[in-house]
Amino acid sequence: MSDYIVVKCGGSMLDQLNDLFFDCIKKLQQKYKVVIVHGGGPEIDAQLKDCNINAEKRDGLRVTPKEVMDVVQMVLCGSTNKKLVMNLQKHNLRAVGCSGCDGNLLQVQPVSEEIGYVGEVRYVETALLKGLINMNYIPVIAPVGINDNEIYNINADTAAAGIAAALSAKELIFITDVDGVLHEGKLVKKTDEFEIVNFIENGVITGGMIPKVQAALASLKMGVQKVSIVNGTKDFTEVTGECIGTTVTRGVSIA
């Protein structure tokens, strides 16, 4: 069991996770070393609304001035992270929650001054993750990072991709509420980056699936071997550890 798997669970999925999801994590853990990265967008938006703070996005990134960063940190590192950790432990999965600023885990480069405290992963302190895994814990990572002793918000997809690339992970799994990419009503089980681009250009992939496959393509460019898009409300893992969904690679052949 030497290969790493990174599982990215979006904030909109956290309240939909059922027993099947946790059973799938158990199956993955029998074959691989598992790391989970989570989002928290809906809860952040709700908290910002309660605080009468404007929520704004540019090019898919949350504009994060200081007052927004305080809320992002409170939600991601606090309630959202701990809720997922407790849920894993309730299903007899040993988990430790931490954020990207703990132990300098995720060191970031600021994206631009115009969008505030938003960073891109430039370095991952993998020794911390490996240490937790070697003690049979699943690291559960809140996507915030650190630069010059300041905390930055990180897009959860790119945080997961950065961690997967740093660990030379065998696979990055995006947990969604759909079965994967559909073509003429049928699930596309295996594809590559060139076919995905063609699907987007020809309108096969539309709506909410576009950002998911774009995140998959970005992950491949960062060095991840393969990316799977799966339905987290269903059994998405074979007993072999293979995913049931759409698997995207840089080439048509899947190792």
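Yeah, the Cβs are placed from backbone N, Cα and C, and that goes for glycine too.
Quick caveat, the model's predicted, so the values are computed rather than measured.
Listed in Swiss-Prot:
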BINDING   Gly40, Gly41, Arg62, Asn153  substrate binding site
SITE      Lys8  site 'Transition state stabilizer'
SITE      Lys212  site 'Transition state stabilizer'
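Other C-beta atoms found within 10 angstroms of the C-beta of Lys8 (site 'Transition state stabilizer') number 28, with every protein chain shown included.
Residues near Arg62 (substrate binding site) in space but far in sequence (CB under 8 A, at least 6 apart, same chain), listed by position: Gly41, Ile44, Ala55, Glu56, Val68, Val72, Ile115, Val118, Asn153, Asn155.
Calculated from their C-alpha atoms, the gap between Lys8 (site 'Transition state stabilizer') and Lys212 (site 'Transition state stabilizer') amounts to 11 Å. Cβ neighbours of Gly40 (substrate binding site) (same chain, under 8 Å, six or more residues apart in sequence): Gly11, Leu14, Val72, Val75, Leu76, Thr80, Ala142, Ala156.
Using a 10 Å radius centred on the Cβ of Gly41 (substrate binding site) and all shown protein chains, the other Cβ atoms total 19.
Listed in chain order, the residues near the substrate site other than Gly40, Gly41, Arg62, Asn153 are Gly11, Gly39, Ile44, Val72, Val75, Leu76, Pro143, Asn155, Ala156, each with its Cβ within 8 Å of the site Cβ centroid.
In this structure, of the recorded positions Asn153, Lys212, the smallest number of CB atoms within 10 A of the CB marks Lys212.
The substrate site in the record is lined by Gly40, Gly41, Arg62, Asn153, and its two most distant CA atoms lie 12 Å apart.
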